[in-house]
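Chemist: My questions all concern the structure below.
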Amino acid sequence: MSKLRFFQSLLISTVICFFLPSINARGGHSDHIHPGDGNYSFHGIVRHLFAQEEPTPSLELTRGYMTNDDLEKAMKDFTKRCSKISRLYSIGKSVNGFPLWVIEISDRPGEIEAEPAFKYIGNVHGDEPVGRELLLRLANWICDNYKKDPLAQMIVENVHLHIMPSLNPDGFSIRKRNNANNVDLNRDFPDQFFPFNDDLNLRQPETKAIMTWLRDIRFTASATLHGGALVANFPWDGTEDKRKYYYACPDDETFRFLARIYSKSHRNMSLSKEFEEGITNGASWYPIYGGMQDWNYIYGGCFELTLEISDNKWPKASELSTIWDYNRKSMLNLVASLVKTGVHGRIFSLDKGKPLPGLVVVKGINYTVKAHQTYADYHRLLVPGQKYEVTASSPGYKSKTTTVWLGENAVTADFILIPETSSRGNQLRSSCDCSCKSCGQPLLTQFFTETNNGITLTLFVVVVFLCFLLQRRVRFNLWKQRQSSRRSITV
């Protein structure tokens, strides 16, 4: 009977595998850093190049730009016009009480899905307003084209895109870099090298709103839009000794890849004579501390770029259409990169068949990606054209490792983890009495030579049949994913 119970256990495990939740982690068309840990903070150290006081833009120059009220109305009008693929929400308020509005674009806005999330933030500095104008144009372009343009459709169906045109509405209203408390918001985040000011309550309301936002939503990647140069900037932004030199983060290759996506899609960013390929490591350009970019990567688990998208901080409004034309393709391709490449998947427990929030690491890269709490989906951005050893783990379960060759298209790698002490293992042990001479025989041989042959054979046939159905299901999923050029692996 103990052997019969073993096969019953085997049958149950197979059924669980067969009926695993059918939600796929979408994100693809064919000491260790643990993001989210720690609570360091700091008050900013001046980044000399753009932190210098500059003349306030004239009132004449601001004509043609949306006021804060204009922007709010435009965002509300947008979500009414495009209600099927968008929603409007606020993550908090500025010092002067203006809502920090965000537009979410997705085929299922407001719902939790096993998809990567991307955020764009504009107007971090009040006197750099181009981003707020371009981000609203981006939202409208996607709304107008997602039914007819493949790239727009890909983004709507496979990504949750969050667009915040203005993080610093107070600074914009007075045409100044800093917020209403005269604090540079891009120097107000926790920093890995200078953890001064550990009191969260001493941070600016805009900063706290961003930090809370990233606790609520697990973003895969992000970009902030700035003005005053033409370059895609990536981590690290600072160095431990405050000197200026190239200081690479663990995912340096991936960040360079993402930065090149933007610069090479841009009309002329990659042609820069100052920055090779139109990209730069922040610390090699000029170090800053307390920046949003590094904080996103360390504490938020989010790959963020700082995009300088116009040589002039506050160009004439008549130039906005040209700047939009130069940046539109770059902005779209950067978001689409989340689903075009990388390794994506979900983690399950074998014993219960449920999503298992865990950790994913890649050998040789000192960085950990966390799977989402709800669907246990993960989205690991990596450079195409390389082989990676990917490991999934979760407390109380045996880790699993697989080798992935990442070509030009994304790969799905789902992991099914076995408990450290599984019920099946206990049944195996209980079925073997050390005083029994036959314990050395193969288990299946024992079954087929004892009196339970008929029942055992029936169970065996059922298990084989379910495995056959499971293989067909996997092949069908692979066929569907191949239609979008995505490979799939189950480990």
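Backbone N, Cα and C atoms are what each Cβ position is placed from, and that goes for glycine too.
Checked Swiss-Prot, it gives:
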ACT_SITE  GLU308  active site, proton donor/acceptor
BINDING   HIS125, GLY126, ASP127, GLU128, ASN186, ARG187, TYR286  substrate binding site
DOMAIN    64-338  domain 'Peptidase M14'
TOPO_DOM  26-452  topological domain 'Extracellular'
TOPO_DOM  471-491  topological domain 'Cytoplasmic'
TRANSMEM  453-470  transmembrane segment
Chemist: On the 0 to 100 pLDDT scale, where does the topological domain 'Extracellular' (26-452) sit on average?
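Modeler: Across the topological domain 'Extracellular' (26-452), the average pLDDT comes out at 88.
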Chemist: Just checking, which of ASP127, ASN186, ARG187, TYR286, GLU308 (recorded positions) has the fewest C-beta atoms within 10 Å of its C-beta?
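Modeler: Among the recorded positions ASP127, ASN186, ARG187, TYR286, GLU308, the lowest count of other Cβ atoms within 10 Å belongs to TYR286.
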Chemist: What Cα-Cα separation, expressed in whole Å, is found between ASP127 (substrate binding site) and GLU308 (active site, proton donor/acceptor)?
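Modeler: Answer for this pair: 13 Å between alpha carbons.
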Chemist: Using a 10 Å radius around its CB, how many other CB atoms surround GLU128 (substrate binding site)?
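Modeler: A count of 26.
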Chemist: Quick one: what's DSSP say for ARG187 (substrate binding site), helix, strand or coil?
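Modeler: Its secondary structure by DSSP: helix.
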Chemist: How far apart, in Å, are the two Cα atoms that lie farthest from each other among HIS125, GLY126, ASP127, GLU128, ASN186, ARG187, TYR286, the residues recorded as binding substrate?
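Modeler: Site span for substrate, by Cα atoms: 21 Å.
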